[in-house]
Amino acid sequence: MSVRLVLVRHGLSSFNEKGLIQGRTDESYLTDKGYEQALKSGEALSDINFNKIYSSPLSRAAETAKTIKKNLKGENNIIYDENLLEVDLSKWSGLTINEIKNKYPEKYLLWKTDPENLKLDGNDNLPYQPIQELYSQANEFIKNILNIYLEKNEVNILVVGHNAILRCLILSLIGRPQKGFRKLKLDNASFSILNILKFRNSFKTQIECLNQTSHLNKKIPDQIGDSRIFLVRHGETNWNKEGRFQGQINIPLNDNGKDQAKKASTYLKEVNFNKAFSSSMDRPYETAQIILQNKSDIEIKKIKKLVEISHGLWEGKLENEIKEQWPELLKSWHEKPEEVTMPKGESIREVSERSIKAWEEICLNQKKYDLTLLVAHDAVNKTLICNLLGIDYSNIWMIKQGNGGITIIDLFNDPQKDHVISALNITTHLGGILDSTASGAL
């Protein structure tokens, strides 16, 4: 029993184009470029059989949804849901950023640094908290969707909305991490895909990808930080394909893994990397070498702290073999990984601690304009992304990392600003919109 949510931000609007704050106003309309983006989105999504389509009723989102629908299979009517309305910024709507900075300097600073605690005066002059209200709205939408669809099998739902409400939906589905709002980036007409699975009397969420823009002939979202790190999971091995636990055994890339690395190289060919790091194990190092095959002047520095989790006695075994000998421990690994230490192996806490130390060392030496490649492993990447999102390492199963998948992080020199995940688990260079890489063991 599962629900796949495909979240799409509306196409470029007139206010986006003019650099005006939109909020909940319906004076902002879809531009010609916005319609073009929506058409491309529909073409890219045409292979998915959507059971339902939901949209914000605001015209820029509604027109995006209608345009996407032209390319979709089936005769689904669009459901316009007021819980998908954009954040209400009342008197700010229609103003430029500079006008807001000049009129409301302290509130604008709070909007940029701690929007969850921002208070504004509404058009009725009564105070309210726009992001807190938006989270309530997002929770109501999620509750309604899950009540209707979670008991059904493999439901695909298209949701067309706005930047702030879609961020709140994503963050609510992963436990609403503190100060999470500024840690995500969602471009116009981008795709973000979340898988929601029924689990006991509740549900579990997996982020399959965030801010995917390759269907717009824009492989890589525009950089917003002072520097950027491209975090890549190594290409496939035979043990990934077989579902065999490899951990710290040095299994090489198979032919498909080498091909995945070549496709990642092609996808990233316009990125002028000036730094590169890899786990000290062979499969990520070979992946990094292939990605940088046309940039032989860059030294790939190996980092031992970034090696994959040690599965101890599980290494080399298939899941069924582990289940025979350690059934309860394996069950705990799937349900509460933070409580498991592999027999003669590691815990996910130990992996998280050493991975974050390595990450912090890399970031400490990151200079303005640096474009850095970092290739590591499934568990390592997941703990790093959990840390970036502000969620505990116990939530590693919330994050998907396909072999050859690309995650992009924008870094800021200003210590007041959080790093931003500008894209997560891009795998379109390996196939379609959905991640079809091997789902084998770590």
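The backbone N, Cα and C atoms fix where each Cβ goes, and this holds for glycine too.
Curation plays no part in TrEMBL annotations; they are all automatic predictions.
Since this is a predicted model, take the numbers as computed values, not measurements.
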Annotated companion of Arg233, His234, Gly235, Glu236, Thr237, Asn238, Trp239, Asn240 at the substrate site, TrEMBL, chosen from Arg182, Arg283: Arg283
Span of Arg233, His234, Gly235, Glu236, Thr237, Asn238, Trp239, Asn240, Arg283 around substrate - largest C-alpha separation, Å: 15
Assigned conformation of Arg233 (substrate binding site) - DSSP reduced to three states: strand
Neighbour tally for His234 (active site, tele-phosphohistidine intermediate), based on other Cβ positions within 10 Å of its Cβ: 31
Arg233 (substrate binding site) to Glu308 (active site, proton donor/acceptor) - Cα separation in whole Å: 11
Local backbone state of Arg283 (substrate binding site), from DSSP in three classes: helix
Distance from Glu308 (active site, proton donor/acceptor) back to Thr237 (substrate binding site), taken between C-alpha atoms, in Å: 14
